[in-house]
């Protein structure tokens with residue numbers, strides 16, 4: 001009996017999964033899931049959520065926590081966090097996640113973080129790798145990890161063009177739905193950090209770790225002790 005190569009077996013398995021029948025009987029695809037990789041109805045949606053078996057993009061569900069939404073004092077009352085502190089906290093989070101994922105799994109073309117409040121979008125981190133193989137390996141390994149005291153939930157995402165996923169009214173400052181909009185409200189990073197991570201020309205490798213195991217920072221940003229991040 002002739003031997004079948006591993007590449008052919010993987011291809012046939014992917015094709016079978018892609019065409020496997022779903023428990024949903026309507027046969028109509030959910031346009032929201034196709035565009036943003038999430039749907040407010042979740043598993044109760046009456047339309048099909050065709051989850052990809054291979055993709056350049058992964059989503060880390062509910063990973064980012066905006067301190068303005070979560071900060072509390074010891075007695076449980078809400079603690080005010082300024083916009084400057086929030087941006088600093090967000091830049092630190094973005095840089096740490098971006099750098100570590102790129103070091104471990106491969107080149108990242110684009111990373112975006114949702115600032116929506118709906119359960120299906122809040123804190124979602126979308127990472128588009130250059131290679132599908134890197135995205136697939138990241139999903140497998142990240143689902144066994146913890147970050148900042150919470151288990152990481154990663155999956156492949158159908159989103160490849162974020163221009164179709166974003167709320168255009170939000171980008172113009174005109175969205176009337178606020179944080180509960182069903183399209184992505186992507187939180188921007190600072191200009192300095194964008195130049196550092198997405199600079200022109202070949203992407204620079206991250207600086208080497210010191211003997212303490214920590215990576216020296218290129219930017220001198222003050223870190224709030226209440227908003228430290230974990231590591232994968």
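Glycine residues also receive a Cβ, built from the backbone N, Cα and C atoms like all the rest.
Unlike curated entries, TrEMBL annotations are predicted automatically.
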### Message
If you look at how TrEMBL annotates this chain, which of 133-160, 161-188 comes out as zinc finger?
### Response
161-188
### Summary
Per the Cβ filter (under 8 Å) with a sequence gap of at least 6 from its ends, the domain 'C3H1-type' (161-188) is approached by 32, 35-37, 40, 90, 110, 112-118, 121, 126, 128
## Note on the structure
Near the zinc finger (24-52) in space but 6 or more residues beyond its ends, with Cβ under 8 Å, are 18, 59, 118-121, 124, 126, 155-159, 164-165, 182-184
### Message
Within the domain 'C3H1-type' (161-188), count helix residues (DSSP H, G, I), strand residues (E, B) and coil residues, in that order.
### Response
11 helix, 3 strand, 14 coil
### Message
Based on DSSP, tally up the residues of the domain 'RRM' (77-159) by helix, strand and coil.
### Response
34 helix, 21 strand, 28 coil
